[in-house]
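Step one of this worksheet: look at the structure below.
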Amino acid sequence: MCDLIEPQPAEKIGKMKKLRRTLSESFSRIALKKEDTTFDEICVTKMSTRNCQGMDSVIKPLDTIPEDKVRVQRTQSTFDPFEKPTNQVKRVHSENNACINFKTSSAGKESPKVRRHSSPSSPTSPKFGKADSYEKLEKLGEGSYATVYKGKSKVNGKLVALKVIRLQEEEGTPFTAIREASLLKGLKHANIVLLHDIIHTKETLTLVFEYVHTDLCQYMDKHPGGLHPENVKLFLFQLLRGLSYIHQRYILHRDLKPQNLLISDTGELKLADFGLARAKSVPSHTYSNEVVTLWYRPPDVLLGSTEYSTCLDMWGVGCIFVEMIQGVAAFPGMKDIQDQLERIFLVLGTPNEDTWPGVHSLPHFKPERFTLYSSKNLRQAWNKLSYVNHAEDLASKLLQCSPKNRLSAQAALSHEYFSDLPPRLWELTDMSSIFTVPNVRLQPEAGESMRAFGKNNSYGKSLSNSKH
């Protein structure tokens, strides 16, 4: 069962503002060190606080900052506020199929600890953390605050994606950039895009990501009418792997959509664009409900709920699952929130207090506004679900109007839909690709091979599609 996040008490706001200011000022002083000429993942400082049940919970820095721009003054320092502490952080796993949502103690005290890892760097070779370490090759995409380039490391020759965020003198560093960097620095998983480096100058903040060839949206556009069932299964498994990893670390992605799921030329799927992500365990005000692209936004958020849990992401998983199989978006609203809800209720039924306890208390739920629909079998709306064993059952457990009824990522990985996959997939380490397991590979889609499609690059669209 999903607990609710408690609002931050007024007397704690001052402390969180101090944390904001300290971390924001420290952001410009990041000194990235490498032990050799290969890429190495970077870590985020984790602070532990006692929660209501007396268990350690994880706080990711910067996630209590209000969603505005943070002014950063450049100074020089070797202090890195994002290094891991020496103490180990305990994680709590859900004991049932429900999504995870933890309450944090209002009396908890934050005490960051920093451990430095020093290593010499070659005085003659370009260094990580400096603009001259990378060569721009071509422009991939552009957003309101950021431009994404395909680039190459001068250290080891590997391709990278350079997300260059323009800093305004008056506005400072965009907050979503700080949030994305602070979270990604601590995430090490094969199914999460890797942040290699951060470069800060007076004019720009550059996030250096691993280079990935395309995204799921473009892949589905290239192969209309639904993907190969075996490929759907492998893509979904990887998506759930990545989500399970971040959810166990109390992080919500909050913006799941095909454009934010990158796909390499070997078929690896990677979660990207963490500009809207949040660490759930941080005491704060309830979150903005303007966070997820409309088609993939869950009904509880559409109805005004701001009490989020990992269940928020699982609705998006269900929508993406159906879209991969059917070849069309599950709920392609054309007008507004009202239209989006009508499309959902047409399939799942108009909710009431019996089917969704508490729905009448949601700010935007007005029964008289909605047509009364009865729920349908999902195959009536999306017939291709009936062609794949156990697909309809899994989709129905993800697409639940009541968030507490949605399957968690960890539970979904154990669903019978995946029963024909090799058992070794569940034994992989976090950084191991599923394609290291024998006989696990993508099948050719109708019309074109994966390799040919990989040449049609859309990576820049995904990285520049954030709020930056």
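Note: Cβ is positioned from N, Cα and C throughout, glycine not excepted.
Small disclaimer: the values here were computed from a predicted structure and weren't measured.
The range from 49-69, 448-468 that Swiss-Prot describes as region 'Disordered' is residues 448-468.
In terms of local Cβ density within 10 Å, Ala146 ranks first among the binding-site residues Leu140, Ala146. Neighbour count (other Cβ atoms within 10 Å of the Cβ, all protein chains): 21 for Ser133 (phosphoserine).
Here the C-alpha separation of Ala146 (ATP binding site) and Asp255 (active site, proton acceptor) works out to 18 Å. Cβ contacts within 10 Å of Val148 (ATP binding site), excluding its own Cβ and spanning all protein chains shown: 24.
If you take the Cα of Leu140 (ATP binding site) and the Cα of Ser133 (phosphoserine), they are about 19 angstrom apart, rounded to a whole number. Taking only the Cα positions, the spacing between Glu142 (ATP binding site) and Asp255 (active site, proton acceptor) is 19 angstrom.
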